[in-house]
Amino acid sequence: MSVFQHIEFDNHEHLAFCHDKESGLKAIIAIHNTNLGASLGGCRMWPYVSDDEALNDVLRLSKGMTYKAAMAGLNQGGGKAVIIGDPRKIKTIGLMRAMGRFVDSLGGKYISAEDSGMSVTDLKIMAEHSSHIAGIEAKYHVFGEHADGNPAPSTAYGVFVGLKSTVEFALNKDLTGIKVAIQGLGHVGLRLVEHLYKAGATSYVTDIYPENVDKAVSQFGAIAVKPEDIYDVDADVFAPCAMGAILNPLTIARLKVKVVAGAANNQLATEDCGQLLKDKHILYAPDYVINAGGIIDIYHQKIPSSHEAMRAHLERISTTLTEVYVRAEELNLATNVVANQIAEERFNKKA
Ligand code: NAD
């Protein structure tokens, strides 16, 4: 199959196929667009069943990073890396070192960070061989919370402020007494429950691990729901904070909420699900706009900044979402379509 004809190719600027014989590393680095600045995006390690599957994933993810960075107001482009293989079986120090050298060979056009299957420890090994690794130390923290470079606290805060402004736009209300159904109580979801609790909202929560649910119930007065029942909760907001592609015609038909606003990446099973939400009068916060807190955090760790500047930047997520909602109303379009339009306007105009 021709890479240039690939269905996800979409004008990628640079693709690097990386192989290191000694460590066995097989990886692909994709740089989608650098009009606004060097590309930034995580490095994922995954047991892809084929090279094609890995290529498809890296192309899709790096393009997504261009849109996310543009909407987050960063002078940054979009890129991503994937390492082919099961992290629990083949990850070695030698493999991480080789990956660091490949990232370095691109001379800063691609800045790597954490993604599934990778840890801050792995990135630190890569950073021994490249200065183009981000998210390995946190100088600025939201609310003084200790962070090791994992941007989840910032993502959770960004989702919280974005959810708040989406509720204001859709329901003309603050969060007092608002009911939020949250799917997934991991690094982001549990922190979101805490923010909502402090703001006077009630969370209906689910996770496949009961201990995560117990924490939300005991610490933040949340109400437990079975995983299969989360779409049916009679709430105001649905906040997907687990996996992607969960909004499809069947789940959307079950929703009783007026707002969808959560952290998960790629929430829409297909782009036309955005229109289905609109048809049901559900205001959808486009995922890559509301969950940009992580990339904003990583960006601030790389530049001379401050706790206050990072927090103010995270809070601008709500302004960006409102811009999307106003234009979507004016043009009578789904919010995901409008977010794409605004992102394209931004990154097609060179910095
Ligand atoms: P995480 O792995 O820490 O948490 C995900 C949680 O979802 C886990 O507790 C898991 O048990 C639960 N879960 C999985 N399947 C479920 C199901 N079917 N029903 C209910 N719960 C289920 O991940 P995270 O860091 O909290 O990220 C959550 C989502 O947000 C992911 O989609 C991630 O890609 C996205 N995201 C995260 C960040 C970040 O900074 N961590 C940034 C941007 C986007």
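Keep in mind that glycine also has a Cβ here, set from the backbone N, Cα and C atoms.
Where the annotation comes from TrEMBL, it is an automatic prediction and has not been curated.
Now, the feature entries from TrEMBL:
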{"type": "ACT_SITE", "residues": "K80", "note": "active site, proton donor/acceptor"}
{"type": "BINDING", "residues": "G184, L185, G186, H187, V188, G189", "note": "NAD(+) binding site"}
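Projection of TrEMBL feature records onto the structure.
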{"residue": "K80", "record": "active site, proton donor/acceptor", "CB count, 10 Å": "29"}
{"residue": "G184", "record": "NAD(+) binding site", "CB count, 10 Å": "26"}
{"residue": "L185", "record": "NAD(+) binding site", "CB count, 10 Å": "26"}
{"residue": "G186", "record": "NAD(+) binding site", "CB count, 10 Å": "14"}
{"residue": "H187", "record": "NAD(+) binding site", "CB count, 10 Å": "16"}
{"residue": "V188", "record": "NAD(+) binding site", "CB count, 10 Å": "29"}
{"residue": "G189", "record": "NAD(+) binding site", "CB count, 10 Å": "27"}
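Taking only the Cα positions, the spacing between L185 (NAD(+) binding site) and K80 (active site, proton donor/acceptor) is 26 angstrom. Distance from the CA of K80 (active site, proton donor/acceptor) to the CA of G186 (NAD(+) binding site) is 23 Å. Other than the site residues G184, L185, G186, H187, V188, G189, same-chain residues with C-beta atoms no more than 8 angstroms from the centre of those residues' C-beta atoms, the NAD(+) site, are A152, L190, R191, L192, D207, N212, C241, A242, A263.
H187 (NAD(+) binding site) falls outside any helix or strand according to DSSP and counts as coil. The residue listed as 'active site, proton donor/acceptor' sits 21 Å from V188 (NAD(+) binding site), taking the Cα positions as reference.
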